[in-house]
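K.L.:
Here it is: the structure, laid out below.
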Amino acid sequence: MWFPVVLLLLVGVAVAVPDHEHAWEPQNEYQYSVFVRTLTGVDTLKQQYTGIQLKGVLVIQVKSEELLQAKYINPRYAHIHQELSNGPYSKIPEENLEYRDIPMSGKPFEIKLKHGVIRDLLFDRNVPTWEVNMLKGIVGQLQIDTQGENAIDSQSTQIPSNSEPSSATFKAMEDSVGGKCEVLYEITPLPQHVAQTRPDRVPMSSVPSKGHHYEVKKLKNYEKCQERQLYHYGMDVKMTKENMMKRNKVVSELSTTHIVITGTLKSFTIQSTEMKNEITVQPESSDSPIGTVYSITKLTLAKINKISNSWFGPLELSNVESTGNLVYIFNNPFSDSEQRKVGQPSISRNSEQENSLETKKRSFHSHSSSSSSSSSSSSEEENESVMQSKASLRNIFMAPNVPLLPYFIGFKGKTIMKSDEHNVMQLAKDLLLQIAKEIQNPSEGYENTLEKYVNLKNLIRTMDRKQYTELEQYVSQFNKATVEGENAWYTLRDAVVHAGTGPAFVTIENWLKSGQVKGEEAAELLSKIPKSVHQPTPDYIKEFFKLIKSSVVTQQEYVNVSAPLAFAELLRNNYVVPSYYPVHSFGRMTLKGNEEIDNYISYLANQLQQGYLENNTQKIQTFIFALGVTAHPKIISVFEPYLEGKLPTTKYQRMLMVAALYDLSRDIPKLVGPIFYKLYMNENEAHEVRCMAVQQFILTDPPMITLQRVAKYTNYDQSDQVNSAVKSTLNSIINTKRPEWRNLANKARSVRYLVNPKNYDTWYSKGYYIDFENWVFKGLNVKMVASNDAVLPRYVYVGLDSIFNFLRKPTFEVGYAVSSYRQVYDLINELWNSYQFEEMREKSQGSRVEKLAQELKIKSGQKNNLEGHVLFNSVYGSMVYPYDKHRIREAVAALKKLLTSDSKLKTTAFNNFEKIVSFPMEMGVPFVYSFELPVFVKSEINFKKGEPITSRSGVYETLFCNRVQKRFGFIAPFEYQNYIAGIDKNGIMRVPLKYETNIDIKQKNFALKIHPNIPQSGTSTGLTHYSVVPFTTRQNIFNLQPVSNEGNTRPVITSEIHKMTKEKGPFSIKIESDTTKKESVLEDIVTGISKSSNSNNERYMKIDTTFESKQVAKCEIQIDMTFDAVTIHGKNQQPSHKEMQHHSKLDWKPNSKERREEIVNVLSAGLKSGTVFVADVSFSLPRLQDNTYVFTVGSVRSNIDQKLRHYFYVNTNAAQEVKYELCYSQEVQYAYPTPLNFEYAINNEPKDKLKGVLRYGRTCNTGNEIVITGSSSQSPQLRDMIENSSITKQCMEEIQKGKKSVRTCNKATDVAQVRDQLNFHIDASQLSEIRQKYDQVIGLLNYTNLSQYNVQQNSETNTIVVQNPWVMVPTVQEPWYRWAIKPSESQRQSEIDVLLDEVSQPSCTLDNDKILTFDNQLYNVQLGKCKHVLLTTYPQDSHNRRNYIPESSKVAVLAKDTDNDSRNVYVWLGNLEIELKKVGNDLKVAINGQNVEIPEKGHQESNGNEIIFEIVQLPDGSLSVISEKYGITVIFDGKHVRLYANGATYRNAIRGLCGNYDSRRDNDFLTPKNCLLTKPEEFAATYAMTNENCQGPAPENKRKAEGAMCIEVPEQQQMNVISDREAGRMMTEGGNWGYHQSNRKKEHGQDSKRGHGHKKYNQKDSQEGGSNESQYRKKHNIVYRTRVVEMDDKICFTTTPVPGCLQDTRPVERVPKKYDLYCLSKNNESMDLKRRVEEGAKPDFTQKPVNKIQNFQIPVSCSAA
C-alpha cells in the first residue's frame, strides 16, 4: 500500500529537478521587436478605421529558469485614421506615420516562471497601472505551455510522443491580460521551407543549432473563464462573465495566437509571436454586426546576447511589488498613488507540489477535471479581484470607483478630475450652461445638445458630494425665474438623477427635504432613480428606506405614491436581478442574509395594513403595487389573508393583488402558478379575480395535464368572462413565436381542441399576445378584465416588448383600472353639471319609477368605495396614480379652473437609457461599448381667457428630440484619447403654434385659428430632422463637445452623397443620402426613414424639414366646425318620397347654413321619424393659398321607416368659385327582425337593400356619376345550414307539439335572421375610367384572404358577389350590424351552436307561463290579473342622494294577464306610461292613459329635438317600443314580451322578474329586500303590485315569501388558496387529514430546505420551516399550545395546538388563521380541564367534534421583547 505514495514522492522530486530549460537560457539576454496595432471601425459599411500603432523593443534578461528581468525600451506610437482597403491588418508605409514617444517610466520589471509558465509580474510601486497592464499585454504574448502545465483533461487531448518532431493538441486554463480562460493549444512541426522563406516568422533559424521548428497555435475561449475583469451595466441579466461572449450577444470576442519556436518541446527558443484579438459589436437592434475592434500584437526575436549589465540594484528590488498573474489589474483612480488592487499569482493546475496547498487557498479558481466549463458561481458573489472595497461602497457621499470607463481612467489611468491641466469642474459648468442656452434657443441643433447632455451625465458620475454641491451653487446663481436659470436647473436636475451614484441620491434627498423639488416634479424624479442607479449597495438602499419613511414623503401628495414604488423597484432590481448591475466590478451588492429585505417587505406590508385601518384606498393601492413590484416571495404571505377572505377587502383590490403577483410569477412560476390556479378554480370568487388569475396562470407555462384541465373546463364553467379569458389567451399564445414562450405555445396548440368553441364579444375579458416582425418592437401583451356596468373593460394592461426591455419587464407599460364606471360617470356628471334644478324638481314630484322602487321597498346593495388607478411605466420612468372619488373631485375642479382662467402647463425634461460593457483587450487597454438613448422633451401650452368666456387663445410649443448612440472602441490612457467608431441616429420634431378658439354654443359652432409661433426673419426654422451618421473618430477625453464638432471625426461615406431638395410653399425638405445608386426624391422622402429604421441599413442619411420664417404671416390655418341635429316629426316632416332624393344642388360656401339645411332636407325626405346629424367642416390657408376645403357629412336612422341614410359632400373652392366637388348619398332599407315569431323568421328570408350615388367633377351636377345598388342576404349555403341545424329542427318540433321552448326558439329565431352575402351592381357613365380601380378593389378583396372570402365578379354586368367568413347579425337596439364568425359547411353540426351564442343578444322573454331572464335563467311564472314588475331600475345610493335615479335610466316594465288569454304591458319611461294591450285581434297603445292610433309606419314621441320613444309595427304584426334615450326596447305580440336593455346602463342595475342582469344566473331570484328565494312562485310574488286590485296566486305567494327563509345574496366566497409552504411557513395545516401525518410532515421538512426554490433570494435562510419543526421553533421562538376560549356558558378548546411566542418574546409579524373549537358546558370538570391546559397540558382533541370556528392572530416569528 506504500508503493503509490513512494511513487508519488519520486515523481515530485523528479519534477522539481531542472532537467530542461523551456524557452529561456539562463544568463542570456533576448531582444524582441514589438509591433502593436489596434483599430476600430464600422467596417460592415466601409473599411475606415481609427486607432494607434505602437512599436518598441522588449529586452529580457534570464536570471534563472524561474526568474526573468525585463525592460521595454524606445516605446513609440502613431495615430492611424484612414481607409485600409485590405482590411485592418494592411501594411502602412512607415513614412506615412508620425511616431511619438509613449510616456512610459522605462523601469525594469520582473517575471516569475514555474515550469516555463509565467506566474507573476513584479513592478516598481510607482509605475503607472496603465503601463503595467500594457506591459502585461506584451509579455503575455510569451506565455507558452508546451508541457501542459495548465492542461485540462479532455477527450480531445493528444499528448506529444517522445520522438521529435511531434504534434500535440490539448486545452489549458491560461491567463492573459484579457482574463484567465480556456485556451486550445495546437502544436505542429513547421516545414523547413517555411522557416527559410518566412524570416518574419523565423528570424533566427539557426538558434538553437539542434531541434526543429514548431508552430504553436492558441485559440482562447472567452465563454469559459475562471477570472475576467469586466464592467457592465444595463445588459441582459444573462450577460455574465461566463456567457457574455456567447453568440448573438452584444459583444463577441475572438483571440488567436501563432507562436513559432525552435528546438524541442522541452527546450526551445521563441522566434516570433503574433496575436490577433477581435471584438465584434452586434447591438440588439441589429441583425448583423455593425463593426469590430481589431488588435494585433507581434513580437519578433531580434537578438540573443549574454547579459552584460544588471538593471536592478538593492534599492530597486526593495520597491517592487507583485501584480499577480497576467490578468488586468486596477488602481484607485481617485488616489494620488496607484493603490493597485493586486491579483494573485497564477497557479499551476498540474503541479503536484502546489495543488494540495494553493488550490485550497483559492478554491474558486479550481476547475473541474471532468468538465471544460470554467464558470464559478462563487466568483460572482465574492470575487477576490473586485475593483472597489466594501468600505468605499458604504460611503454614499463618495464618487464610485467605476473601472474601465473613459472619465474614470482616461487620464493616465486616473479620473479626469485629477488633471492639473484642465479645470474639469469648470468644464462641467460651461457644458451645463451651454445645454441650458441651447434648449432655450430653438434654432440650435438639438442632436448636439443631447450628446452634450450624455457627456455631462457621465462627467457628473465621477463627482463626490462636495462637487455636486459646487455645481448646485453654480446653478443657484442664476435666477430660477429666468428662462436661462430655469433651463440650467432642469439640466442639472436630470443629469444628477441619471448619474445614478450615491452622491447623486444624497443630492436628490437634500432637494426633497429642502423643498427644492416637490409634488409631481419630486415624484417623477424619484421614479427615475431605480432606472438609473449604478450601485444600489445595501447602504444606498438603507438611505432610500429612511427617505420613504420620512414625513416629507409620507405627507406629500404624489411623492407618497412614487417613493414607495421606486423603493420597491430598487429592491427588485437589487435582490432579484443583481447581475444586471456591475457585480463583477464591485462584487455582490446585496446582503447575504434576508434580514434587511424582510425588514423592508414588512414595512410595506404594515403600510398596507395601515391603509385598511384608515380606509385610505389610495394608500392601499399604492402598497399593493409596491409589494408586487418587489417580486419577492414574502409578499405571498402578505396578500394571503386578503385573498382568502380572512381580512376584509374589495374584489377590485383582490384583483390588483393577483395582478401584483405577476412579476413574481415570472421569476418563480412553480411557486405562484398553483396559487393562480386555485384562485381560478374557485367559481364562487369574483370573475374579475378569476380572469386575472387564469390569464397569469397560463403564462407560467403549467404542466400539460393542468393546461388540458383548464381548456376542458371552459365547457363547464358558468362564467363566460373567465372562459373568454382562457380562450383568447390560449389562441394568442398559439401564434406567438417568442423564444420564451415556445414550450407554452406548443402546449397551447395541443389543448386548443378542448376549448369551448363559443366565440365571445370584444367586451368580454381577453388576453392578447401579439408578435411584431420589427427590429425594435418585439411584441404586445394585452390583458383585459371586463366590467359589469360598462362596455369598457374594468382593467386594462398593455405591455410593449422591444429591444430596450428593462430587467425582464416590457419597455413600455400602460394600463388603468376602475372599480365602477357607473360611479365614475355619476360623479363626473354631478361635478360638471349643476343638479340644483333637477333636485328641486325631484323633491316636488318623484317619477313613477322612483315611486315604484319605494313601494317595492327595494334595498340598494352596499356599494364599495370608488377606486381606480392609471399606470405608465417605461425604461425612463414610471407613474402610478391611484385615485378615489376625492381625487376625481380635485381633478375636475382643476380642469374647470384650467379652462376658465389664464393658465400655463409646461414641462422640460431629459431622459436617458443606457447600456455599457467594458473589459480589457489583449493589448492591455480597455474596450468600451456604450449604448445611449437620450430623449429631450419640452412642451408648453398657454390658456388665455377671452371675451366671451368661450373664447380662448394661447401658445402650444412642443419639442421632442431623441438620439441613439451606438459607440465602441478603446481608451489610450497615456494620451487621454478615446478611439471611437459608431453610429448615431437623431430624430427631432418641433411644433410651434399659436391658436385661437371660439365656441358658439347657441350656433353649435367651433372655430379654430392656428399659425406658426415663429418670429419673422430672413432665416429658415427647422421643424423635423432625422439623420443616421456612421463615423470614426479620435477624441480627447477632456473635450466634452460632440464628436461631430471634433476635427478628427470622419463620417463613414460609402459612396457619393446625393443631395436633394423639395419645396412646397414655406416648407422645404432637404435630403442627403449615402446610397449605392441614385434614387428619386419622392422615394427618399417616403421611404428614407423607414429604410433607415431597418437594422441592416446604417448608411449615412440626413432628412430635414424647414420652415421659411418670413412667410409666417401667410401660414394661418382656419378650421371651422359646425354641428347640428334635427329631429324629424310631424311638424317638420318633408314631402313624402318613397326613396331618397340623390340629386340636389348644394351651396358650396364654407360654413353654409343653406347647405346643411339642404342636406337635412335630403336625408329626412319622406321619413316619419329619426334624428338627422350633420357635421360641417371647412379648412383653409387664406393667406398662403386661395383654396378652401369643405367637408360635410350627414346621417339619419329612422326606426319607423327602417332606413339608414348618409350624405357626404366635399369641395375645393377658391376665388368665389368651385374647383372640384364630390357628392355621395346612400340609403339602406333594412328589414326588421321579428324576435317573437320564429315561423315568420324562418319562412321569410331577411334582405337589406342599398342604393348609393356618387358624383364628382367640377360640380356634382355636371360631373361623372356612379350608381351603386346592392343588398345583403343569406347565401344558399348559410340558409341550408340554418334550416337543417339541430336548433331549428328542435324549435319546429316543439311548436308542432304545442310545447314551444323559450330558450330554444329564441336562439333559432335570432340565427334565422343573419346575413352573409353582399351583392353589388355598379352603373357608371364613365365606366372605363374606373375599371382599373374596380379591378384593384376586387384584387384587394382576394388578396386579403382568398381562402376565406369568396369573391365573384362579372365584368359584363358590373356585378360583385361577396360571401365572407363573417355573418352580419341584425341588432334590435344598435344602428347597424354586429359581426360573428360563420361556421363552414364541414363544421355545421359542431359549430352552429357557436353561431347561436354569438348572434343572441342578452334579452328577457316572458312566454306563456315561463320567463327567460337576461342571465338565461328559465323558470315558471303565473302572473294572474295582477301587475308584476318585469324590470325596474332603483336608487343606487348615488352619493347619498336618497331615492334618486338618473333621468336617463328611469325605466320600468310591468305586465299582467287579462281575460282573453293575452297580457297588458306597461312601459314607464320617466313620467310617461305606455300601455300595450290586445283588443280582439288588434294591438292597441295608450300613452299616459290616452289611446293612440299607431299608423302603419309607427308612432313617435319627442320633446323638442329629442326623441323619447318610437313605436314600430314589425312585419309579423307585433309592436316594438324603442327608446334610444333610455336604452331599452320592448317587443309585444299580445301575449309574449321580449325586452332588450343597454348593458352599459342596466347591467347589474335592475330588479324584477327578469333578474338583476349581472351575468350570473344563480342569483336571479333576488327579492327587493336583497334575499334569495328558492321557489320561483314566491320570488315572482315579491314583485307583484298586490295593492292594485291584484287577482291570482300572487297575494298568497307573497305572504309565503315574507315568511320564507331569507338567504342573503352570496358574496364572492374566498377559500384557502395559499398553503403554508407557498407562504414560506412551516406546514401546520392538515394535521387531522389522512393516516400518515408524520411522514407528510417529514416530507415537507425535506422540501422546505429548498425554500422557495429560488437561489436569488437566499431562501434557505429565510424559510421558516427549516429542515424540521424543532429548527423552526428554535429559530423563530415559537411554541405550540392549545388555546382556551370562554363563550357565555361554554369553554372551548382548539382541536390542534396554536403557535404562540415563547416567554419574554413578542411577535414580529402576525397572520390570521381559522381554528376548529371543541366546546364543553361550563362546569367543574371543564374548568379543571381549562386549568390543566393553561398550565401546559396538551390533551388530544383532534378526534373531538367541532362546535365552532374562530380566527386567531398567530405569530409568524417572535423576537426578544
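Glycine too: its Cβ is placed from the backbone N, Cα and C atoms.
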K.L.:
Going by Swiss-Prot, which one of Cys1426, Cys1719, Cys1758 is joined to Cys1590 by a disulfide bond?
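P.N.:
That record, Swiss-Prot, gives the partner as Cys1426.
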K.L.:
If you follow Swiss-Prot, the disulfide involving Cys181 connects it to which of the following: Cys225, Cys691?
P.N.:
Cys225
K.L.:
Cys1554 pairs with which of Cys1404, Cys1701, Cys1719, Cys1758 in a disulfide, per Swiss-Prot?
P.N.:
Cys1404
K.L.:
What kind of secondary structure is Asn615 (N-linked glycosylation site) part of, going by DSSP in three states?
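P.N.:
Coil, per DSSP.
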K.L.:
Which of the listed disulfide-bonded residues (Cys181, Cys1404, Cys1554, Cys1590) has the least company, meaning the fewest other Cβ atoms within 10 Å of its Cβ?
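P.N.:
Result for the disulfide-bonded residues Cys181, Cys1404, Cys1554, Cys1590: minimum number of other Cβ atoms within 10 Å at Cys1590.
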K.L.:
Just going by other Cβ atoms within 10 Å, which of the glycosylation sites Asn560, Asn615, Asn1284, Asn1460, Asn1724 has the emptiest spot?
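P.N.:
Comparing Cβ neighbour counts within 10 Å for the glycosylation sites Asn560, Asn615, Asn1284, Asn1460, Asn1724 gives Asn1724.
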K.L.:
Roughly how many angstrom lie between the C-alpha atoms of Asn615 (N-linked glycosylation site) and Asn560 (N-linked glycosylation site)?
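P.N.:
Computed Cα spacing between Asn615 (N-linked glycosylation site) and Asn560 (N-linked glycosylation site) is 16 Å.
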K.L.:
Rounded to the nearest Å, what's the C-alpha distance separating Cys1590 (disulfide bond) and Cys225 (disulfide bond)? Just drop the number here, would you?
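P.N.:
Rounded to a whole number, the Cα-Cα distance is 92 Å.
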K.L.:
I'd like the number of other C-beta atoms within 10 A of the C-beta of Cys1426 (disulfide bond), please.
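P.N.:
Counting Cβ neighbours of Cys1426 (disulfide bond) within 10 Å gives 23.
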K.L.:
Would you kindly give the Cα-Cα distance separating Cys1554 (disulfide bond) and Asn1284 (N-linked glycosylation site), rounded to the nearest Å?
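P.N.:
That comes out at 32 Å between the alpha carbons.
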K.L.:
Cα distance, Cys1404 (disulfide bond) to Cys181 (disulfide bond), nearest Å?
P.N.:
76
K.L.:
Sort the glycosylation sites Asn560, Asn1460, Asn1724 by C-alpha distance from Cys1404 (disulfide bond) and give me just the closest.
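P.N.:
Nearest listed residue in space: Asn1460.
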K.L.:
Could you check which of the recorded positions Cys225, Asn560, Cys1426, Asn1460, Asn1724 is the closest Cα neighbour of Cys1554 (disulfide bond)?
P.N.:
Cys1426
K.L.:
Measuring Cα to Cα, how far is Asn1460 (N-linked glycosylation site) from Cys1426 (disulfide bond) in Å?
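P.N.:
Cys1426 (disulfide bond) has its Cα 15 Å from the Cα of Asn1460 (N-linked glycosylation site).
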K.L.:
So among Cys225, Asn560, Cys1426, all listed as recorded positions, which is physically nearest to Asn1724 (N-linked glycosylation site)? Use the C-alpha atoms.
P.N.:
Asn560
K.L.:
Please classify the secondary structure at Cys181 (disulfide bond) using three-state DSSP.
P.N.:
strand
